[in-house]
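Per TrEMBL, the features are:
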- 61-86: compositional bias 'Basic and acidic residues' (COMPBIAS)
- 302-315: compositional bias 'Acidic residues' (COMPBIAS)
- 417-427: compositional bias 'Polar residues' (COMPBIAS)
- 154-182: domain 'CCDC174 alpha/beta GRSR' (DOMAIN)
- 37-86: region 'Disordered' (REGION)
- 129-153: region 'Disordered' (REGION)
- 293-336: region 'Disordered' (REGION)
- 364-447: region 'Disordered' (REGION)
Amino acid sequence: MDKRKKQFDVTAASLVDLKAELYRKQEAFKQEKLVKDTGAPLKPKPTNKKSCIWNKQNEGVSDRAEKDVEQKTEEENTLDKSKQKLEEKARLYEQMTKGDLPDEETESLFLVDFTQKIIDQKRDAIKSTAVRESAEEALPDSEIPPPENPDQEWVDYVDSLGRSRRCMKKDLPELLKMDKNLHVKRQEDKGKTLLSEDMRRELQRQQWEEEEEAALKRPIGPLHYEDIREREARELGVGYFAFAQDEALRFKQRETLDMLRDQTTEQRAKREKLKGTRKAMLDARLAKVRQRKMKKLKGDGAEEELDVADDEVEKEEIVGPVPLLPEQKSPASVENKKVDVVIQERKDTKMGIPHVREWDKGKEFALGQWTSRRRDEREAEFAPPSEYFSDYKKPSQGKSWTRSRQGYPPQGPAAQSPGSTQATASQNPPPEQQSLDDLLAYYKHSV
């Protein structure tokens, strides 16, 4: 919307205010013009400003502020005085510990005898120094054993850092060489900081010349990687072995590595041989297990092939050390042979008499008697259901004894004549109740 076309709502009050404001401006303009013509200064009109509630202060604020400033000044003065006193006490204590007392009267004012304390400290220091020196003197004679050969003799030397060291005579050349290399490196590091670029390049050229001269003096032979590597900064990994440039030392290192490789190969061969021996022994034991199973199967009159899955079960059953077998027979030759199964009877048992175990000898009654007695004493309501002992159960195979069949209907020729049924029942009376031990003994001898 265009601002020029915007309409304003003008009321009578707004017009009156506009006229009043216009009148005030006109009067002010007339006054200024009159002052300029006459040259008299214009007095500003007094303005009556109302006091703001935020500019009003509480009573006594300034007095409290002055008191706080005075209190803070007093605290600072007290702190400075106490600090000064503590510093004086510290200086006095240092003088007393050093023995710098002005006179004996001042010394008598204190409860601690600092003079005697200083004397005791000096005595302790002298005593500890003497003990340490005596221990160091007695240590080599007591701890170092006599050498078995001249190379094991202990010698003292001073390294490049000025330290006293002790080592065996055979290790002294290597340690001196390491110390010399360290000393040369330190000198090079110190010298490089003071050399210019031209001087450093000249030193590098001299070093290259020395290396080339050493290579020319070296006898003619195979060229190795270490001879041309020089100062290569590349890392070659853990599988890389840095051989020596000296041919004799390099040959010795090669012999050592070959010996270690031969030892590793020999150990692997021994381990494989041992694994093969153990496997052969395990196969022999498995063949024995198969042989025993074949004996059982042939004794029962059945011929069945063993499954491959049975081998794992047989391996789990074999526990303990495996004995050495002088000769191993093939399982095929063992299976082709016929084995006669002989059943031996126990000598301490007789037909119809239950076997008495060793731990049951001397007891008043056997397990079956105790069981039957406890069943007689048992109340009827706690007995098993009668269906468990019904006569409708099918008799098991291989049993020569029979049970009564009163519940079955007569079948076959017995159903034609009821008299024959009664005669058969009279001829075959129901068997008497046998004990559990008698039945077990009968089963043992019948099977």
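These residue numbers are counts, starting from 1, taken along the chain as shown.
Glycine residues also receive a Cβ, built from the backbone N, Cα and C atoms like all the rest.
When averaged over the domain 'CCDC174 alpha/beta GRSR' (154-182), pLDDT in the model lands at 86.
With DSSP classes pooled into helix, strand and coil, the tally for the domain 'CCDC174 alpha/beta GRSR' (154-182) is 14 helix, 10 strand, 5 coil.
Here the compositional bias 'Basic and acidic residues' (61-86) is broken down by DSSP into helix, strand and coil counts: 26 helix, 0 strand, 0 coil.
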